[in-house]
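K.L.:
Take this structure first; my questions come after.
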Amino acid sequence: MKNSACTEADSAANIMENDAKTLNQEFQAGAVTTVSIAHSVHDAYVAFLPPILPMLIEKFALSNTLAGLLTVFYRMPSLVQPYIGWIADRVNLRWMVILAPAITGAAMSFLSSAPTYGFTAFLLILAGISSATLHATGPVLGSLLSGKYLGRGMSFWMVGGELGRALGPLIIVTAVTYLTVERVPWLLLGGVLTSVFLFLKLDQISTQTMEPDAQIDWRLGLLQLRKLMLPVAAISFLRYVTLTSLTTYLPTFLTHEGSTLWMAGFSLTILEVAGMGGAFLAGGLSDRFGRRRMLIISAITTPIFMILFLYANANWKLLLLLLMGFSSLAVVPVLMAIVMENASEQRAFANGLYMAITFVMESLTVVLIGLFSDRYDLRLTFLVSAAAMPLLIPFVFLLPKSVKRG
């Protein structure tokens, strides 16, 4: 027992020493940007689903609930992210970051030509496994390369993702329009080339933060993270009630309102481009002004812009799309920075747990929003979902205070 206690104490001391070194490092912009490129290309492929969802609904005669379940199939593998993170703390899993664009690119490129609903679900599960490995390890690499500027590092990570999600809808609707559905699978080449690039650039970095045989009980880790993760889970659920309407169902809503498939996909691109700006600024601003403040600002402004968007004429919709994207997606790098700075002992495990929570919450809200919209309509669904965002404010005050950095 004594030897075991000493081993755990020594491991904890080594972790604290490594974390102190990390926090004293400068921001490595080049390396952080490379990791964000992996995120960008990967999420560009993931963003293929919402724009072609109306086409899949028509092709397979789906209800909104069954259509929403397609996102659940993609999100299911996220449940193993805490385990992936636990391994990544002890073993270098950079290969997961390197291969993710190629695997996800192949799965999502065949989505539009899938012959059955079941095969579509299989492709999304495959993409989900690839996504789970990337999102469990990629942010950790970014945080380790960001030194004391965690907010900025998470902003780089999120900007990569938002850039991909902004370009993805345009890429897929353009490919369907001009290449035809039969030639869309050729888009997988972009993911393969990106994986080759990452293989050449990421040969010297590692996800490992402790010795492979470090004896730290994962159950103790869960207990230590409970006070942090409970409010994070509540915030994530309420945020996704709002965000699901804006992302998964926005193209479907706009096509019901009379927009073309291309215009609906372009609107999602506008939303994601604005979100890229919000994600880029919010992390750095939270380093300087505090993370709680940034979360509260987003929770207040997002529903206002959503309601105005529903009732605005065409001349104002573009501006309101930009404002909605900017405010709604600014939350993510701030929450990620909170998790990273308050879980330094097992950063990859904590990140995997956080990503699993958020992906489960997103899957749950996709189904709930689908059921609600089937019973009523998408316009009323947007109004109700907008009201959820301000409800997260009380949970913000349960989060740990952050140390402001200049």
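The backbone N, Cα and C atoms fix where each Cβ goes, glycine too.
What TrEMBL records for 31-404 is domain 'Major facilitator superfamily (MFS) profile'. The feature transmembrane segment is assigned by TrEMBL to 52-74, 95-113, 119-144, 156-178, 184-200, 228-249, 261-282, 294-312, 318-340, 352-372, 378-399.
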K.L.:
Pairs of Cβ atoms less than 8 Å apart decide it: which stretch in 52-74, 156-178, 261-282 has the most with the transmembrane segment (352-372)?
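P.N.:
It is 52-74, which has the most Cβ pairs under 8 Å.
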K.L.:
Could you check if the transmembrane segment (156-178) is in contact with the transmembrane segment (378-399), meaning 3+ Cβ pairs under 8 Å among residue pairs at least 6 apart in sequence?
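P.N.:
Judged by the Cβ rule, the two regions do not touch, with the required three close pairs absent.
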K.L.:
For the transmembrane segment (119-144), find every same-chain residue at least 6 residues outside the stretch whose CB is under 8 Å from a CB in it, and list them.
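P.N.:
Distal contacts: 22, 32, 35-36, 38-39, 42, 45-46, 49, 56, 60, 69-71, 73-78, 80-82, 84-85, 88, 93-94, 96-97, 99-100, 103-104, 107-108, 110-111, 150, 153-154, 156-157, 205, 207, 209, 336, 340, 347-348, 351-352, 355, 359.
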K.L.:
Could you give the residue numbers and ranges of same-chain residues that sit at least 6 residues beyond the transmembrane segment (378-399) on either side and whose C-beta is under 8 angstroms from one of its C-beta atoms?
P.N.:
227-228, 230-232, 234-235, 238-239, 241-242, 244-245, 249, 252-253, 256, 291-292, 295-296, 298-300, 302-303, 306-307, 310, 328, 338, 369, 372
K.L.:
Taking a Cβ cut-off under 8 Å, which residues six or more beyond the ends of the transmembrane segment (318-340) line up next to it in the same chain?
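P.N.:
Here the qualifying positions are 139, 143, 150-151, 153-155, 157-158, 162, 228, 232, 235-236, 239, 242-243, 246, 267, 270-279, 281-283, 286-287, 291, 294-295, 297-299, 301-302, 305-306, 308-309, 312, 347, 350-351, 354, 389, 399-400, 402.
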K.L.:
Please give the average pLDDT for the domain 'Major facilitator superfamily (MFS) profile' (31-404) in this predicted model.
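P.N.:
Mean model confidence (pLDDT) across the domain 'Major facilitator superfamily (MFS) profile' (31-404) is 84.
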